[in-house]
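Record features (TrEMBL):
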- 1-226: domain 'Homogentisate 1,2-dioxygenase N-terminal' (DOMAIN)
- 228-382: domain 'Homogentisate 1,2-dioxygenase C-terminal' (DOMAIN)
- HIS239: active site, proton acceptor (ACT_SITE)
- HIS282, GLU288, HIS318: Fe cation binding site (BINDING)
- HIS318: homogentisate binding site (BINDING)
Amino acid sequence: MYRVRPAAAHNGYKSDIKHKSDIENCFLSLNPRVATLAGQSEWTPFSLPKEDEKIDFVDGLHTLGGSGDPNLREGIALYVFMINADMVRRAYCNTDGDFLIVAQLGILDVQTEMGVLFLQPGEICVIPRGVRFAVRLGPGHHVARGYITEVWGSRWELPDLGPLGGHGLANPRDFLHPVAHIDENLHEDWEIIGKINGQYNAIEQDHSPFDLVAWHGNVVPYKYDLTKFASQNATSIDHTDPSVNCVLTAPSRDPATPLADFLWFGPRWDVASNTFRFPYFHRNSATEFMACLYGSGLGRSDEFLPGGGSVEISHTPHGNFSEDYVHEMRNQVNEPRRILENQMTIMVESSRFFLFTEYARGGCGTFKYQGTDSRVWDALPDKFSAYPNIKEILRQVKANKEAQKQRLESYYDDDRLAEMVRGQQ
């Protein structure tokens, strides 16, 4: 970094920082402030700040849940942020992990030490660990909301494309890096808010932290427009695993299982034949957090709206069912069609078992413990037991199995084999 003043030139650290955020980074079972969510849970849109109070990024950041601990250099955390004010002569420095920021509402100007990133709904940016930045509202915008996924002991990178080859999904050429930029007024009083082991501290200095005349290196912020995602999917039959929608991945210590995948669900063609195409209800080993950026989303209920979210931890049965599913089950001809038009949904999928904060479990005011109304399953009755003569069919199947068992057992009975041989002589 070629900067005007050294970053070491400051007035020392202080820890008594007053703020309105809800930050929690210790996701260990011994922490009484976090707990599991056993069901299929949902949040209606997170509330925006009131007009009579000014909330910037430092005060508007709230932790939902996570796994692990930054002090152990292993884990993940989910956040939401709602702001209506700029960070004025104030910067943020996260020394715990890498931030993946998703814009959902409002345009953001994210000024980093390496330059400025313009972020609008449907775009993401990654701020590496230790890089200072400031979040401001874009021109003409008075409020913003978004999501953040932080990884500890790992980093966000492009997934291995495997048999796809060298191109597809999120192509490297579509990622943008900032150009060096310095503030016009370099000699003003600034406050740098740091997050260390999930706790805020601050330093004060008499010069701007954004004074890089030039830089070089490869640990830098970057942004990506999710509408440029080159999706891949089944073109003949059946479903492709949702991991084919992976934009970025964060590796774990297990080479076969990532710490987290960041997934995209947006407009694409749906062309598989002889296939039930809807996302069917299921169980899997991953924890899934979904959020709709705009449009109608892919939620479990009608209250899954832009600005909210839903979560299912490992092996939780989840999904939805409606009259559209009934129609799709009866559909005999699968014509190519466009799906998810004018909408964008994201998912953070993790191999970890998540614990959730007090803010997520009630403090936010938008939490619903049961995301899917249990009455939706009334549209999927037990047709197996109601099938005519099903008891007779099952009795015959049982009898056939018993007869087959007796035939096979005879081959392991020496006396019966000898008797069969004598009978054939």
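The backbone N, Cα and C atoms fix where each Cβ goes, and this holds for glycine too.
Features per TrEMBL, on structure.
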residue: HIS239; record: active site, proton acceptor; Cβ contacts under 8 Å, 6 or more apart: ALA272, THR275, ARG277
residue: HIS282; record: Fe cation binding site; Cβ contacts under 8 Å, 6 or more apart: PRO317, HIS318, GLY319
residue: GLU288; record: Fe cation binding site; Cβ contacts under 8 Å, 6 or more apart: VAL311, GLU312, HIS318, MET347, VAL348, GLU349
Residues flanking the Fe cation site, with Cβ no more than 8 Å from the Cβ centroid of HIS282, GLU288, HIS318 and excluding those residues themselves: GLN40, PHE281, ARG283, ASN284, GLU312, THR316, PRO317, GLY319
Coarse DSSP state, helix versus strand versus coil, of HIS282 (Fe cation binding site): strand
Arithmetic mean of per-residue pLDDT over the domain 'Homogentisate 1,2-dioxygenase C-terminal' (228-382): 86
